[in-house]
Amino acid sequence: MKIGLIKETKTPVDNRVALTPQQAAWLQSNFPIKIVAQSSDVRVFADDEYIKNGIAVSDVVDDCDLLLGIKEVTPDELVYGGRYMFFSHIAKKQPYNKKLLRALIRRGITLTDYEYILGEDGRRCVAFGYYAGAVGAYNAIRLYGLKYGKFSLPKPNQRWTINNLTLEVAKVYQLLRYDKVRILVTGSGRAAKGAMAVLGQLSRKNIAVDRVGSDKMVTSIDGHYDRTEYHLHPSIYKSKFMDYTKMYDILVSCHYWDTKAPVFLTDELMQANDNRMRVIADVTCDINGSIACTIRPSTHAQPFYDYSPFSHAEMPLFADEKNISVMAVDTLPNALPACASKDFGYMLAHYVLIPILKGEKTAVSRATIVDCGEITKRYQYLKSWLEG
């Protein structure tokens, strides 16, 4: 088998990679495979690092049996008949990727989406969520300091680890404690755990940092919560965020949300005189979704923007303290691409690639959205969406 590590082509360009040079070298030396890295000038690991580890670098990867990427591949870059793995953002009917799905079908592509490779426990086998949560939490503290003129934390360095984030946050804990800042983290998955890895230290320094799951964020019309019911029928639930907007200053949202679920943080809640929640780090980044002030994604270069819940529009950053200041970067792990890629590569190698190479049962088939240009049985609902 020949495996290609493709260069990222989506704009803004992603600097992560599916396998680090060391991981690629280890796999190549322990299994009957050849790995080639497509030349890239934006990848966090330079071409020379792959070459030094015995991995070939080439501009062309058309002859590879499996092509591994991170974000969506630009339709014009897709190899006819290629077999791909990447995060496609198609299965939830994301409108901006209709063109990509059409190209996958037209070019006879096989696509497996990492997001739907699940273990027997139903959890994702390969993900960047932990790093998204950690960077999102760090940016939340950065944003608070800038909004209120309290402090200025540095932008993360590409070679930083999560430990660097926690050390930087620790430097400003006294200022946060003086302001009696209260922080809310939502969710119970990898992203929420990553956020708590950065913020948890603050709770040991008498700063309120609380985490709540879906059972504390929504309730059914008759006042109960059932996890299975909520995931199957989210439309019969309503938000309980009114319990939190008057208690917390910073929100780091890492929760699961469905388009049929209620909006958690509404304009009405943000308009209220007793609303304290004016710094929002939306790690979930569902545009016009669960957090009403997340009206567009932001970038690492310009991660913050202000939103007015009264005019329902974006406003100049920090122009008015009554505005809601938002962080909605949708590629958060890119801030720590080296360590994020290393952890992702470990999961990909051990839970996906090695089982495939050993001929063992994997969850790849259920995560395959398109097979040789045909939408697979599990994702047939995409046909009517594509034609609509």
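If you go along the chain as it appears here, the first residue is 1 and each next one adds 1.
Using N, Cα and C of the backbone, Cβ positions are placed for all residues, glycine too.
For the NAD(+) site, TrEMBL records Arg123, Gly189, Arg190, Asp226, Val283, and the single candidate of Tyr84, Tyr96, Tyr148, Tyr256 listed with them is Tyr256. Reduced to three states, the DSSP call for Tyr256 (NAD(+) binding site) is coil. When secondary structure is read from DSSP and collapsed to three states, Arg190 (NAD(+) binding site) falls in the helix class. For His89 (active site, proton donor), the same-chain residues that are 6 or more apart in sequence and have a Cβ closer than 8 Å to its Cβ are Glu72, Tyr96, Asn97.
The domain 'Alanine dehydrogenase/pyridine nucleotide transhydrogenase N-terminal' (4-135) scores a mean pLDDT of 96 in the predicted structure.
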